[in-house]
Amino acid sequence: MAAKEDRTALKGLEKRLFKLVSEKATSAQWSEWLRAPLEHAVAEGDKDLALTLLKAGANGGSGWEGCNDRTLLQAAAEGGNEEVVSTLLGKGGLEEIDVASGDQDRTALHRALIGGHTGAARALMVAGSDTSLLDTEKRSALHYAIRGGHLQLAGDAIIGGANLKAKDVIGDTPLHFAAAHDDDKFVSTILRTGARVDRPNREGKYPLHVAVECDRLTVAEALLTAGADPNVRFGKSKIYSPLFLAVGRSLATMRVLLQHGANVNSPDDLGFTALHWAADFDASAEIDVLVEAGADLEASSSSVHLKDKIGGINSFVGITLLHVAAYFHNCVAMAALLRNGANVDAESDNGLTPLHMVGKTSFSFGSVEAADLLLRWDADETTTDHDGRTPKAQVGGEEVAGLEPGPVPAVGVEVVVRAEVAGTAIYWRAWWSWRMMKFSGRSSHSCERRGMCSAM
């Protein structure tokens, strides 16, 4: 059993130790003895110390197995000093230029690019390093060059024959990485060189999805021009189409996708269209763009489970965009949908109207404003669902159907004014607002905070 290492035992003996080795060691012993400090000097990018050690006789050639089995050239690539890398290449490092080692099985070129050391990476590439070798993540130097944004260097690698179709362990190609950068010229270049727009990763995500997620408008245009499918989906329930990803991110990207053939009414496996998601995101401008492109305002879902604002989950079938917006009290989206012609009394498969949806979530913030907005658009508060419940019956989650209203509570001038503006069923509307406030713990003046619905 090896004795336990105690490096502190040599503390204070540095000069004596150096004198002993420098005076007594053979040339071969001396050059090997200096290799350990040389490895760490080059790994730190300490050019002056590294070059001094080499001048003093340190062996800078091949054959060294340092920390985690790395070669001197790999250590220098991690340090990133171009002059040191070039010097080691001239001292025998060329023999190990494509050696892969360490837990990730990476070459010197991998290490230089991961560290963002473009000068060192360029020196390795000029010396002939293979840009197509893969590490344990199945990523080539090209993957790392593009991921790091070193696109000029990546272009050089492509000219040198780097494999544009190589997929890493999650299936990402170099084009997936390129799509995340705002450089449509580079993307166009690699497309002309042989990159494919129709190669998904293991998640089913295409380069176009990446470009839209990262809000790279010109890159998305380049991919679409090259034949990318604007309607392809990925993810659980096939939710994520390029158009869905653009909602809430970029109106310009939405328009470009629509111009290139994105189907505005294409549903995911839940029956949700991009317009459902615009309603969910409370995105008024996006709603207008989608409606202008022909989106169906009455598109209904299949069976879905929606989480409310306090974590509860409710199941619905056949809900429209307005149902979704009402459920989340998204007044901006509700107003946009109604302004564009959405049916204020649309019914789900079990007879729920948007006003029922507000009643189901009356305990959370925004319920008063949402109910007020629907009532202003003449929502029918007497409509019953298939269980015979009116919207009022669901306020606060209690069964109050058949309850007769008593005197209008003193809930403040605002409620009364809103009821009078509505012009019909003043008595019930004031009662409705009172119930909503009671169960949501709100004051009558809290509606003023958002100011979203007061103009409607």
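Placement of Cβ uses the backbone N, Cα and C atoms for every residue, glycine included.
Sequence annotations record features per position, and here TrEMBL assigns region 'Disordered' to 382-401. Marked as repeat 'ANK' by TrEMBL: 104-136, 137-169, 170-202, 203-235, 270-302, 317-349.
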Pull the DSSP breakdown for the repeat 'ANK' (137-169) and write it out as helix, strand, coil residue counts. 16 helix, 0 strand, 17 coil
Residues outside the repeat 'ANK' (270-302) whose C-beta sits under 8 Å from one of its C-beta atoms, at least 6 past its ends, are 237, 239, 241, 243-244, 247-248, 251, 254-255, 258, 264, 316-322, 324-325, 328, 330-337, 340-343, 346, 348-349
Residues of the same chain, at least six outside the repeat 'ANK' (137-169), with any C-beta under 8 angstroms of its C-beta? 104, 107, 109-110, 113-114, 116, 118, 121-122, 125, 129, 131, 175, 177-178, 181, 183, 186, 189-190, 193-196, 199, 201
Local confidence of the repeat 'ANK' (170-202) - pLDDT mean: 95
